[in-house]
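According to TrEMBL, the protein has these features:
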ACT_SITE  Cys258  active site, nucleophile
BINDING   Asp17, Arg22, 70-74, 111-112, Glu147, 258-261, Arg328  NAD(+) binding site
DOMAIN    314-443  domain 'UDP-glucose/GDP-mannose dehydrogenase C-terminal'
Amino acid sequence: MAMIALKCPDIQVAVVDLNQQRIDAWNSECLPIYEPGLYEVVKACRGRNLIFSTDCRRHVAEADIIFVSVNTPTKMTGVGAGKAADLAYWEGAARMIASVSTTSKIIVEKSTVPVKTAEAIGKVLRRNCADPDVHFEILSNPEFLAEGTAVKDLEAPDRVLIGGRDTQEGRAAVEALSAVYEQWVPRERVLRANLWSAELSKLTANAMLAQRISSINSISALCEATGADVQQVAHALGTDSRIGSKFLNASVGFGGSCFQKDILNLVYICESVGLERVAQYWHSVIQINDYQKNRFVERVISGMFNTVSGKKIAILGFAFKKDTGDTRETPAIDVCHGLIADDACLCIYDPQVSKDQIYRDLAAPKFQWDLPMLPNGAQVPFTDSQIEKSVSISSDPYQASAGAHALCVITEWDEFADLDYERIYASMSKPAFIFDGRNVLDHGRLQSIGFITYGLGKPIDPFLRSQQC
Ligand code: UDX
């Protein structure tokens, strides 16, 4: 919305939320999320044609176009628990919009939603609006930006996708929204589709991106078993223009608020329409991701003489990727849990994630981040006191590494490549191990300093090979 305000000075943009604290943060110098370049965009238009407010009803009543960007978490209980998207927030928003509307409006689905949500939401809107002359036209306009590069992605998107009904009102609404984007996006990049195609495109785009990561991660295991180097394999694959080079970085696993949730949702939709085999296919993308996280933990434990009990391990990076403070579904949570279960003492450093956030994530049941309250009976993997006993947080990577037996790189922050590894080596217990879950370090140099190194999908160090269980 900030980008729309920046690029379209004639449009008044009001961002509304019920949460006063969040709105206060958006109105302050310290935005509630870390996203490179976002503060500059917000600052340029805040108070001009961009406002942040908790007065939802007033701004919704006044608007011509309403972008609904509420959470659509995975359902935790009831039918479809663990897979289906929970549309409770969406439905609540639709009821509120209907109850305050006295003029016709275009309703834009920005949240990622299951296919055919627009149909259900349309019914809620129409049945809850007192004025029969008010018309709601629903469009699907999924967001493809990635965190950490959001401003860049929005400045020059590969495409903008708008789905609408093939009726006179539907086509007019698509054109109205397209006109907003066309103020900075070339018209040929604004794709038009029917509603269901647009909704399904978003789920499928995320599923296919995640599938590429699981594919290369599965090959990383094969590389380790055979002596091939996954980065060389990825490079060779990526130079084939039909495959392309992006999203082929082997990693400790994908995270983030979208990939797992959207695949689970796709799986659920396939199962709902009886496509069991298709559901299994997509589910395997998540299974390989879980396998990769476990495999990493097993490598750490087996490499360190089959025990990490009582050993200090420095965890470098906790966010799900670099340049964000977001920890939703970060592989760091599973890796830390795996090591804590084997009695390791962890010291975690991340340049953007707060101490409180890390403790909350490690003590929370899965998906807790997206729920308004803890559902009854949800399993917390470890108690708060267990986490506090096994985990400390440091604001300095050198302090986190001092006295450690091993370093584990979980997030690919640029600064990790530039640390003074001679200094780190001197301060660590020996033998000093580095397990690089992102392949961002110079392993040859580290080995010459004296480290025993492990890189995902890289030829195994003879020292580690002899430790394999
Ligand atoms: C994703 C989609 O890219 C975006 O289009 C959609 O709108 C939201 O979901 P995001 O979750 O912000 O964006 O990050 P992305 O860059 O896609 O990375 C997701 C995860 O995959 C991260 O954990 C990242 O580290 C991992 N990843 C990415 C890899 O492990 N290897 C890669 O080659 C690329």
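Keep in mind that glycine also has a Cβ here, set from the backbone N, Cα and C atoms.
Because TrEMBL annotations are produced automatically, they should be read as predictions rather than curated entries.
Features as recorded by TrEMBL, highlighted on the structure.
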{"residue": "Asp17", "record": "NAD(+) binding site", "CB count, 10 Å": "16"}
{"residue": "Val70", "record": "NAD(+) binding site", "CB count, 10 Å": "17"}
{"residue": "Thr72", "record": "NAD(+) binding site", "CB count, 10 Å": "24"}
{"residue": "Thr74", "record": "NAD(+) binding site", "CB count, 10 Å": "21"}
{"residue": "Thr112", "record": "NAD(+) binding site", "CB count, 10 Å": "22"}
{"residue": "Cys258", "record": "active site, nucleophile", "CB count, 10 Å": "22"}
{"residue": "Gln260", "record": "NAD(+) binding site", "CB count, 10 Å": "23"}
{"residue": "Arg328", "record": "NAD(+) binding site", "CB count, 10 Å": "19"}
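Checked against ligand 1, the recorded positions Thr72, Thr74, Cys258, Gln260, Arg328 give Cys258 in sequence order as having a Cβ less than 6 Å away from one of its atoms. According to its DSSP assignment, Thr74 (NAD(+) binding site) is in a strand. The predicted model assigns the domain 'UDP-glucose/GDP-mannose dehydrogenase C-terminal' (314-443) a mean pLDDT of 89. Cα-Cα distance from Thr112 (NAD(+) binding site) to Cys258 (active site, nucleophile): 9 Å (rounded to the nearest whole number). The DSSP breakdown of the domain 'UDP-glucose/GDP-mannose dehydrogenase C-terminal' (314-443) into helical (H, G, I), extended (E, B) and coil residues amounts to 48 helix, 19 strand, 63 coil.
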